[in-house]
Amino acid sequence: RKMLKLPLRLRALSSPPGSTMLASSFSSSSSSSILGLRNKNPSSLFFSSSRHFSNGALGNRVVFSSHFPRAVSLRCFASSTGFDRVQVQNPIVEMDGDEMTRIIWSMIKEKLIFPYLNLDVKYFDLGILNRDATDDNVTTESAEAALKYNVAIKCATITPDEARVKEFGLKSMWRSPNGTIRNILNGTVFREPILCRNIPRIVPGWKKPICIGRHAFGDQYRATDTVITGPGKLKMVFEGGDKPVELDVYNFKGPGVALAMYNVDESIRAFAESSMSLAFSKKWPLYLSTKNTILKKYDGRFKDIFQEVYEQNWKDKFEEHSIWYEHRLIDDMVAYAVKSEGGYVWACKNYDGDVQSDLLAQGFGSLGLMTSVLLSSDGKTLEAEAAHGTVTRHFRLHQKGQETSTNSIASIFAWTRGLEHRAKLDENER
């Protein structure tokens, strides 16, 4: 706590069960800065779900309802005394989320962001109810805004399953907002641990961070799978060009399952560019892991494109700084990662990155101490978020009126990573 000079935990004051949570209130007065929930009549501060953003409501407060219009532009000027707030030239896109992280998110903004920055925020409510109300169009709009303004900062969100659809009465089992945003930005998800001297690591040999890049497109996550009900022949057909290509896959003698997946050169090339761009900015070596000995054409394509991009655009730059790019088999890379001391970027295919990023997070200490950024291939557009979920268990306690204490570090770092990128693009030294 002393080392970071930040609160390790933010305590959430409980609201009356069933009430709408205020996202934030911006005020220099300590008595009025705790979300308005210590007011003698808290219920008077909550808007109904039919009302939208109101500026200047309740004196010096700015109050938010839980149901926003799809986008709200907020010019945030905190009233402080004797402090020269930093002027941020260009806007950032804020993507609000769900449950306990949504509450923490508002407290971070109130306590750590808006009192110190004059910041233009393009707000999008990605809470599950608003996604449902907008038929998930708000997610697409937020991603398009991220492409326009180049910086987005996202709160953790719910990806609904059958139970969540029933819980919230949703019109549909909406897709993961993270998946939608990744596909629109066409970038790579990079996760990196937050190292603290006083937090022990399960893998004690990891002295330096390991930044893992996950190719966030295609493969199993856009695959078509099916259950085979009985004997028959499975074929794969590609119709294009002069003549269809037909491949025999398997002769089923009984029930089973089948899967067809794909990827595209454009996305793989963007993955290579963003991975090498990040490795070069950190001056760390880069490793790509595949299983090209088994998937000779599929994984072999990843290997070939990475090598091509490296030779054409990055080899001289890497060698100038005594760093390198190398391809390794996934099993060899996992073994190397465990015994290494860290200090490199590890580029993984989609599924490998999903699995190995959680392994790294736990090995370094906790998923709550892991940053996550989605970086476009040109390195210009960045979306920052925490690597963990919405902390449902704590939110259930909060709904019952109990006090909770939740680790806020990863959410704080989502803001700092996003603002760092904004400052870099704007050449803002402050």
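Just so it is clear, glycine is given a Cβ too, placed from its N, Cα and C backbone atoms.
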According to TrEMBL, THR159, SER176, PRO177, ASN178, GLY179, THR180, ILE181, ARG182, ARG191 bind D-threo-isocitrate; so which of ARG102, ARG201, ARG214 is the extra one listed there?
ARG214
At the level of the C-alpha atoms, what whole-angstrom distance separates LYS339 (NADP(+) binding site) and ILE181 (D-threo-isocitrate binding site)?
34
Which of the binding-site residues listed here (THR390, THR392, HIS394) have a Cα atom within 10 Å of the Cα of PRO177 (D-threo-isocitrate binding site)?
none
Among all chains shown, work out which of the binding-site residues ASP331, ASP354 has the most CB atoms within 10 A of its CB.
ASP354
At 10 angstroms around each C-beta, which of the recorded positions ARG191, LYS291, LYS339, HIS394 has the fewest other C-beta atoms nearby?
LYS339
